[in-house]
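**Student:** Below is the structure I would like to discuss, written out as structure tokens.
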Amino acid sequence: MSTFWSGYIALLTLGTIVALFWLIFATRKGESAGTTDQTMGHAFDGIEEYDNPLPRWWFLLFIGTLVFGILYLVLYPGLGNWKGVLPGYEGGWTQEKQWEREVAQADEKYGPIFAKYAAMSVEEVAQDPQAVKMGARLFANYCSICHGSDAKGSLGFPNLADQDWRWGGDAASIKTSILNGRIAAMPAWGQAIGEEGVKNVAAFVRKDLAGLPLPEGTDADLSAGKNVYAQTCAVCHGQGGEGMAALGAPKLNSAAGWIYGSSLGQLQQTIRHGRNGQMPAQQQYLGDDKVHLLAAYVYSLSQKPEQLANQ
């Protein structure tokens, strides 16, 4: 801000405060004998306005408000280029400096705790009850909005509490997913295989791979669907529908991991138009130490107690 505008703002602000002080004292009336008997000549419905001075507490409230304003402008920036003299902030208070100060205080308090767990493997951290509680709180703050408070997911968001993992369920894969995120793309096959191909493949996947019954009256050729699957789908999902973690291709021989639904219509929609899912990378926002705890918590959700004990 230029010197002119800084001075203009400071002069206008301070001038307003001085003017308010003058106005309050100039219009103040003191107590006088017989004051309560004098009226202003205003009356309505038997109610008259008396010529009494402002109550003392009210007058002092005005003064206190102006004094508070002056103190605030001394401590905080508010008069042009004036930075304020609030203790603890070199060069004046700003919201960025306050945030940095709070982060530094949090790091000083919790840094040793995070460092302790960062030196342990994810599998070891998953066996520590205190660490798991910390991870659960982090999960509730940062992950539950998509994956649910119970980590069982919802339509379009995977269940993190079962054994079905698109990108791998080992500790390293889970941590990588949280740190770097994942981008999953299921291409649309509607134009390539046609509407009949979509219906046939969907029926084949649901009945022959996942073992789910088809709705009564379903008109589909399972043999033709198997051929189309082998030509267009098996390269990612596997010949037997076992999936491929390297590509994030889900298992098709179990409906447990079908996050977009398992009905015949939902399968057809997925094959026809494809799907695009994204897990945002959290490293920049949470940092390595918090992600380490989160990974341990998520890892613990899909492990039985005896599995954790054998890590």
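Keep in mind that glycine also has a Cβ here, set from the backbone N, Cα and C atoms.
If you look up Swiss-Prot, you'll see Cys143, Cys146, His147, Met279 marked as heme c 1 binding site, on the strength of experimental evidence. Residues or ranges marked as heme c 2 binding site in Swiss-Prot (evidence: experimental evidence): Met186, Cys233, Cys236, His237. Annotation source Swiss-Prot lists domain 'Cytochrome c 1' at 130-209. The feature domain 'Cytochrome c 2' is assigned by Swiss-Prot to 220-302, with sequence analysis given as support. Taken from Swiss-Prot, the feature transmembrane segment applies to 4-24, 56-76.
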**Student:** Are there residues of the same chain, six or more positions away from Cys233 (heme c 2 binding site), whose CB falls under 8 angstroms from its CB, and which are they?
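**Tutor:** Val201, Val205, Leu252 - these are the non-local Cβ neighbours of Cys233 (heme c 2 binding site), listed in sequence order.
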**Student:** Where the distance is taken from Cα to Cα, which of the binding-site residues Met186, Cys236, His237 turns out closest to Cys146 (heme c 1 binding site)?
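**Tutor:** Going through Met186, Cys236, His237 one by one, the closest to Cys146 (heme c 1 binding site) is Met186.
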**Student:** Given the recorded heme c 1 site (Cys143, Cys146, His147, Met279), which additional residues of the same chain have their Cβ within 8 Å of the Cβ centre, ordered by sequence?
**Tutor:** Ser144, Ile145, Gly153, Phe157, Leu160
**Student:** If we skip the immediate neighbours and take only residues 6+ beyond the ends of the transmembrane segment (56-76), which ones have a Cβ under 8 Å from one of its Cβ atoms?
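**Tutor:** Counting only partners 6 or more residues beyond its ends, the transmembrane segment (56-76) has Cβ contacts under 8 Å with 13, 17, 20-21, 24, 28, 82, 84-86, 93.
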**Student:** So among Met186, Cys236, His237, all listed as binding-site residues, which is physically nearest to Cys143 (heme c 1 binding site)? Use the C-alpha atoms.
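**Tutor:** Out of the listed candidates, the nearest Cα belongs to Met186.
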**Student:** Based on Cα distances to Met279 (heme c 1 binding site), point out the closest of the binding-site residues Met186, Cys236, His237.
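**Tutor:** Comparing Cα positions, the closest of these binding-site residues turns out to be Met186.
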**Student:** Going along the chain, which residues at least six beyond the ends of the transmembrane segment (4-24) come within the CB cut-off of under 8 Å?
**Tutor:** 59, 62-63, 66, 69-70, 73, 78-82
